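Heads up, the thing below is written out as structure tokens.
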Amino acid sequence: MNKLIDIITDEVTKAFVAAGYDAKYGKVTLSNRPDLCEYQCNGAMAAAKEYKCAPFMISDKIAEALSGNPMFAMAESVKPGFLNIKISNEYLAEYLNSMQKDEGRYGCEKAAEPKTIMIDYGGPNVAKPLHVGHLRSAIIGESVKRIGKFMGHHMIGDVHLGDWGLQMGLIITELKLRRPELVYFDESFEGEYPKEAPFTIAELEEIYPTASGKSKEDAAYKEAAMQATYELQHGRRGYQALLKHILEVSVSDLKKNYENLNVSFELWKGESDAQPYIPDMVQKMKDDGYAYISDGALVVDVKEDTDTKEIPPCMILKSDGASLYNTTDLATMVWRMKDYHPDELIYVVDKRQELYFTQVFRCARKTGIVKPETELKFLGFGTMNGKDGKPFKTREGGVMRLEYLVSAINEEMLKKITENQKSKEDLDIDQEEAVRTAKTVALSAIKYGDLSNQASKDYIFDIDRFTSFEGNTGPYILYTIVRIKSILSKYEAMGKDASACSSVIKAADSENEKNLMLVLSRFNAVMENAFEETAPHKICAYIYELANAFNGFYHGTKILSEENEEIQKSYIAVLCLTKCILETCIDVLGFSAPDRM
Ligand code: ARG
């Protein structure tokens, strides 16, 4: 379906053309004075310059031409030359009826030419606990992926595990110290290594911090860990077998964690998967004359003439021949291009890595790792801060682990749900349902709290505000959906048919209802724009507006006691459409609503 704003623009454009003006002046936008009108066209102001006349002479003519057009309830010329427009209630109802019939899409068309888009998000480091920075990447990345999918694109999420760093050597070193008898440490061993990992996730979670702590105090220990890392990276069999075990154990734990967040990945590749591509990639960079030795290291220049600040060369290999984070990211692009031919790569990473990604992207383009037509997008996110404005910490001052944060919110939510239900006698939620509901609502609090901010901005994680049932919060949105569900079930309990959901929507008979209908009509435009701008926060802003518009309608309208059957059915249909659109939106944001709360 065409966007309503485009349909209106077409109509106004026709009037401009018919009156002898250029079509480009007919552009209509949403009104920035909703008290005066719903849409506006400022084209006459600009056209006046070209046609050398007073702007209102043009706007008057256009208003005149539009009067009597059944699409508009008002098309008014106001001095000095604005066109204030209101759509007719009948036309708007027609539009909503078409949306309703377009089940599942509600007027939002899929992309005519679907793209393959790979999205790099999550980025957890194996054996290290997830922290809140990883939370942001997961939440934003998942939503960007879902928006793309909804728009019909082929979205491939890759978790890009950090599985190639010193943490591996640390674990190996500690394990060797504790259990030297393990076959993995016997260099002469040539047989098959055991299938089972020699540790559980609980042990792994204890081994890593212990080893990390020791390495900070004991230089020899650190040296041993670095040596182990080197040997692992250079193919020592026993260590590679251990790496596999570490991966198995932590990946299954990570999957559980991400599942709890309603986040999933199509690919579970890691930094280690890129290693086989490094030698050829480096060789080619040398052969093509891009890579050269500078201070012993192999680098590629990436600065450009138009740079206003210094962009240092991209380092490909250290002087000892070791590869770096850069090398891995570039080699990862090699297999992504080879195996998936993406039209676009999106990286959802902490914005403090922006310069780094500028270097990597430029290097990838320059050396031909990515094709010129492949888009590279860095979606940098800001820091999640505590109420004191400083990076989120535990009470003791440590890095906040994701699990703690999630369980703190779950607890807070359970308290609220339990209290809330005490005030409503007809709500007989048992403990089990309360716990389940609290989890669902808590997830909305976390995700909406994050996504409602533009990704690049820092924000304050405020449990009290995020878990509130009022204001611009996830729980408020869910509460609105639950309210609609409850009206619908009361309607059914009155012995009426639920199929009223698809009955004809009549022209609005109140300002509140019209306002709700106007917001509903924008769904396709909002979704498209959120995709184009990789901006989930636009969907949050939209559903907040939609929830407010709905609640305005709900408070101003007697829905269940309406005596005229046809009018009541039309209300029910509007309710259903509102619910479907809210649910579609929260689904692309990555959370869902309970049946009651
Ligand atoms: N593992 C990294 C970290 O924890 C994030 C990885 C980001 N993605 C990438 N392709 N470099 O900081």
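Cβ from N, Cα, C; glycine included.
It should be emphasised that the depicted structure is a prediction, and the values quoted were computed from it without experimental measurement.
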According to TrEMBL, motif ''HIGH' region' applies to one of these ranges: 124-134, 179-189, 278-288, 586-596. Which one is it?
124-134
Across the whole of the domain 'DALR anticodon binding' (477-597), what does the mean pLDDT come to? Round it, please.
96
Surrounding residues of the motif ''HIGH' region' (124-134) on its own chain - C-beta under 8 Å, 6+ positions past either end:
159, 161-163, 165, 167-168, 171, 204-205, 207-208, 246-247, 250-251, 254, 257, 270, 350, 383-384, 392, 399-403, 405, 461
Count up the helix, strand and coil residues in the motif ''HIGH' region' (124-134) according to DSSP, in that order.
3 helix, 2 strand, 6 coil
